[in-house]
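Asker: Sharing a structure, written as structure tokens. Questions coming.
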There are 2 protein chains.
Amino acid sequence: MLPAPSPCEGEREKEMATLRVPLQVPSAVEDAKNLRMACEGWGTDEKTLIDILAHRDAAQRLQIIQSYEDLYNENLIKRLESEISGDFEKALYCWMFNQVQRGAIIANMALKKELDYRVIVETACINSTKELLAVKQAYHDHFKHSLEEDVAAKTTGDLRMLLVGLVSTYRYDGKEIDNSLALSEANILHDVIRKKLFNHDEVIRIFTTRSKAQLIATFNIYKDEHGISISKDLSSGSPDLFPSVLQVVVRSIISPHKYFEKLLRLALNKEEADENALARIIVTRAEKDLQEIKNIYEERANMSLIDAIDNKTSGNYKYFILELIGN
Amino acid sequence: MLPAPSPCEGEREKEMATLRVPLQVPSAVEDAKNLRMACEGWGTDEKTLIDILAHRDAAQRLQIIQSYEDLYNENLIKRLESEISGDFEKALYCWMFNQVQRGAIIANMALKKELDYRVIVETACINSTKELLAVKQAYHDHFKHSLEEDVAAKTTGDLRMLLVGLVSTYRYDGKEIDNSLALSEANILHDVIRKKLFNHDEVIRIFTTRSKAQLIATFNIYKDEHGISISKDLSSGSPDLFPSVLQVVVRSIISPHKYFEKLLRLALNKEEADENALARIIVTRAEKDLQEIKNIYEERANMSLIDAIDNKTSGNYKYFILELIGN
């Protein structure tokens with residue numbers, strides 16, 4: 001579904017991934033057999049599950065799932081779900097899929113119970129146009145209806161307009177920028193944000209239809225012209241949800257790495273770590289660019305991400321997450 | 001971009017097309033040379049242009065364009081634009097492209113000057129999910145920005161919410177239907193339409209996010225439960241634009257053929273035929289399903305489509321359009 005990354009992109013991604021695959025990987029059949037053994041008998045041997053699965057890439061995990069199915073006529077993911085529980089289960093479950101399928105599953109989870117709008121914004125704004133499309137196709141295949149329907153059913157009013165608009169739109173992905181448009185739209189945004197009209201039609205139009213390159217140009221001009229970043233303007237003095245959602249859009253479009261890094265700090269600075277958010281970031285980025293996020297974290301938090309997670313989490317969850325970070 | 005149609009679909013489409021390609025087609029080079037001759041000298045020989053181009057399919061037209069470029073280092077479409085004018089030029093220009101590129105071009109034309117909302121609804125609702133996506137990709141390639149942006153910039157308020165929603169959404173394309181959902185949403189629609197709250201959030205949500213199969217189920221239940229079709233309910237007693245646009249959405253989702261047939265009758269029943277709408281329908285459907293639309297027309301209007309067009313149009317425009325209809 002996704003076009004193959006260019007060799008350059010692939011290389012860069014590999015460098016920035018934290019996933020460590022051993023030089024000598026056992027065959028998928030061997031892995032499947034060892035996983036089966038770890039699941040059988042009294043109690044599950046979670047350490048073995050993690051030692052295998054946290055060190056195989058998406059293609060290898062898929063082969064293991066197929067071999068397991070062939071050998072035991074059983075779905076490995078379902079078996080794992082029945083063996084383990086809690087945040088560890090959820091994290092390992094998400095890890096088993098490839099990036100695109102996982103994107104669909106995580107978006108669907110965010111629409112269950114209480115809406116997690118951050119995940120919806122991430123799905124819409126951090127993925128490229130092609131990646132978002134692939135996630136939406138996977139959503140159709142998996143859930144037999146559209147992401148748009150589920151976001152719309154879970155929201156109302158302006159938040160619906162914004163979030164449905166964000167997940168729907170097929171943004172132009174080119175680099176061309178119209179500078180005079182950026183200036184006029186920076187001024188429109190500044191006007192309405194200063195009047196606290198965050199939910200203004202024009203805000204929704206600009207955020208949901210312009211290309212990311214165009215939006216970044218608009219945000220840059222906003223700062224140059226008005227002496228304050230749009231992100232700060234959105235956060236100042238309003239306790240409402242809507243401007244917070246807009247701020248997440250801005251930050252995830254300007255820099256996904258910095259956005260995720262800040263989420264990690266928030267998740268780890270709580271009295272009890274937000275294991276849900278933590279796992280989402282680690283699992284979705286470990287095979288992609290977690291090293292970059294980790295570097296920014298270590299600069300800003302003045303401690304290593306590994307130490308921070310080590311202090312704040314425990315058990316199999318901790319062991320799994322730390323293995324993915326490249327402990 | 002579009003997946004190849006299955007053999008069955010391809011065959012059905014061929015049967016329902018009105019385009020007639022001769023059994024013995026000259027080579028693309030020969031066609032290109034004859035087109036060049038028709039363009040040169042005093043005055044253009046429009047009849048020759050039509051005799052060639054109105055009887056070549058999309059693949060053949062593309063080959064002719066390439067041969068013409070190779071032979072004369074000139075873009076055939078630009079040359080044609082400079083040789084002819086008016087509604088004939090516009091019709092022939094649109095015809096030169098394949099279905100997907102033409103979809104992007106026609107949508108863009110509908111956003112120039114006065115908005116032609118019908119074309120935007122047709123683009124969004126008559127195309128399948130995959131076809132709409134292909135048109136939007138072609139729009140990016142051709143215009144270097146998105147269809148969503150242009151629709152949003154050309155509209156305001158509720159009409160913007162509706163039209164941008166329609167062109168944005170990646171509808172689920174499967175056949176599964178949730179009957180209890182159809183019942184509850186038929187009732188929601190009936191409630192708000194009866195209160196003349198056409199622009200209600202829920203109307204926009206349902207129209208812009210549900211799959212076509214689900215919407216058709218909802219419209220059917222609407223009629224069964226309330227004794228009147230949603231289309232009639234939308235048309236009764238409101239002179240506003242918004243319910244008319246909703247009605248176009250309903251009709252183009254329920255039956256594109258009947259929708260186009262009615263448009264043809266409207267275009268031809270005017271004092272002066274609406275050559276713009278007429279050409280749009282003929283050019284976009286000639287290679288696809290115009291025979292079916294023509295059959296319905298002849299049943300309902302009690303005269304052949306060819307006679308109706310013959311009575312109401314003239315000149316090269318008429319000759320071209322009639323050739324496409326299979327005169």
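Cβ from N, Cα, C; glycine included.
Automatic prediction, not curation, is the source of TrEMBL annotations.
Note that the structure is a prediction, hence the values are computed from the model and not measured.
Features from TrEMBL:
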BINDING   B:Gly41, B:Gly43, B:Glu83, B:Lys270, B:Thr313  Ca(2+) binding site
Asker: On a simple 10 Å Cβ count over all chains shown, which one of the binding-site residues B:Gly41, B:Gly43, B:Lys270 is most densely packed?
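Answerer: Ranked by Cβ atoms within 10 Å, first place goes to B:Lys270.
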Asker: For B:Thr313 (Ca(2+) binding site), list the number of other Cβ atoms lying within 10 Å of its Cβ atom.
Answerer: 21
Asker: What's the number of neighbouring CB atoms sitting within 10 A of the CB on B:Glu83 (Ca(2+) binding site)?
Answerer: 18
Asker: Looking only at DSSP and grouping its letters into three states, which state does B:Glu83 (Ca(2+) binding site) belong to?
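Answerer: Going by the DSSP assignment, B:Glu83 (Ca(2+) binding site) falls within a helical segment, counted as helix.
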